[in-house]
Amino acid sequence: MYVIESKVAAIGCMILSLCCLGSWPAVLTLLERRGRLPQHTFLDFTTANLLAAIVIAFTLGEVGKSTFQTPDFTTQLSQDNWPSVLLAVVGGVLLSVGNLATQYALAFVGLPVTEVITASITVVIGTTLNYFLDDKINKAEVLFPGVGCFLIAVFLGAAVHYSNAADVKAKLESLPGEYKAGTQDFYSSIKKGEDNPEKEEPDLESHEKPVEKAKAGTAGFFVELENKRAIKVFGKSTMIGLFLTLFAGTCLSLFSPAFNLATNDQWSTLPRGVPKLVVYTAFFYFSIAGFLIALILNLIFLYRPMAGLARSSLKKYVKDSKGRSWAVFAGFLCGFGNGLQFMGGQAAGYAAADSVQALPLVSTFWGIILFGEYRRSSRRTYVLLVSMLVMFVAAVAILMASSGRRGHRK
């Protein structure tokens, strides 16, 4: 199997992982805002995620010479390593449930803030656990100040969310009374009707110029978005989104320590003489478990949807090919991103590998460029947003600087 031995290669894996893991939430957000049901999207997403793990296992997991201490992927499939396999399964379930909750939180809270809060919780809890599980190979005097920066970013992220929600509410209150959020007219309106509710729609055969799309950040923009998107968020409590975000962050904070235990056997659960799970084998079982729990939950959500979504069916899902390629692409990004994170973590310590939780830096870029988030917001929101991102940059740099090397305790 392919083994990463140098610190430079490990950091390279973390950086590539950061780009992948920071981009897939933007793709899911794009599909939801275009009106595709999240249940359909996540079924495609989780299938591609599993395929990525299979590709990694049968390529990198089979490269090179197999030894007793570092057996290849197929050799380990027949070994008595079920205690470690079960830990990998637990990690896969936690990641899949966390990603599923994140998908719904993205609609309520927005891309940058959702990613900041979930990533920060992941680092505060997960990195601390990984530090002790890795026998303190990372530099504590560097690592924990970075964790502290992430903790501050959690509170700044929540403040950004509340400030931005207040900005949006103020913009919507400028609309005519009959078009306020929460009314039937509001949900059935379009941008032209918002600006001129008494004016009739133009004749389709006329040569009048089509109505231009509302500019990002305006009241009309939010109305257009609400009409197109799958999850309707206006009139809903901001606490729903924050609860989903906190729940997702808690799940995501525990999957990495579980994977760490699966590959390094700190609890000595393996029978004597049985080698530890290599990263590729653990990732294979990890991804199968994540796929199965996601499949079960989303099949349930097809027929018993949450968040006010339309009821669907397996037949409708199969026929819904619009946006499927994007969902599959997002699944591959997540799958390869997780694989790279685990490969880097096995070499440099999983606590340092949690630096990939800097993914909100990438997500914020996509949120602003693709979705126009925070356009025309208040000065307070901008100050909080910049403060949050600055804190993240500092936290990531500090976390990467704490990298150690497995077998070389600092």
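Glycine too: its Cβ is placed from the backbone N, Cα and C atoms.
Here is what TrEMBL says about this protein:
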type     : residues : note
TRANSMEM : 6-30     : transmembrane segment
TRANSMEM : 42-61    : transmembrane segment
TRANSMEM : 81-101   : transmembrane segment
TRANSMEM : 108-131  : transmembrane segment
TRANSMEM : 143-162  : transmembrane segment
REGION   : 188-211  : region 'Disordered'
TRANSMEM : 238-259  : transmembrane segment
TRANSMEM : 279-303  : transmembrane segment
TRANSMEM : 324-344  : transmembrane segment
TRANSMEM : 350-370  : transmembrane segment
TRANSMEM : 382-401  : transmembrane segment
Seg_contact(the transmembrane segment (382-401), the transmembrane segment (42-61)) with at least 3 CB pairs under 8 angstroms, min sep 6: no
Tertiary contacts of the transmembrane segment (279-303) (same chain, 6+ residues out, Cβ under 8 Å): 1, 38-39, 42-43, 46-47, 49-50, 52-54, 56-57, 60-61, 73, 76-77, 81, 84-85, 88-93, 95-97, 99-100, 259, 262-263, 309, 311-314, 316-317, 335, 338-339, 342-343, 346
Best-contacting stretch, by C-beta pairs under 8 Å, relative to the transmembrane segment (238-259) and drawn from 81-101, 143-162, 324-344: 81-101
Beyond the flanks of the transmembrane segment (143-162) by at least 6 residues, Cβ under 8 Å: 109-110, 112-113, 116-117, 119-121, 123-124, 127-128, 131, 238, 241-242, 351-352, 357, 381, 384-385, 387-388, 391-392, 394-399, 401-402
Long-range Cβ neighbours of the transmembrane segment (108-131) (under 8 Å; 6 or more residues past either end): 22, 25-26, 29, 98, 102, 138, 140, 143-144, 146-147, 150-151, 153-154, 156-158, 160-161, 164, 231, 233, 236, 238, 240-242, 244-246, 248-250, 252-257, 260, 345, 349-351, 353-354, 357-360, 363-364, 366-368, 371, 373-374, 385, 388, 392, 395, 399
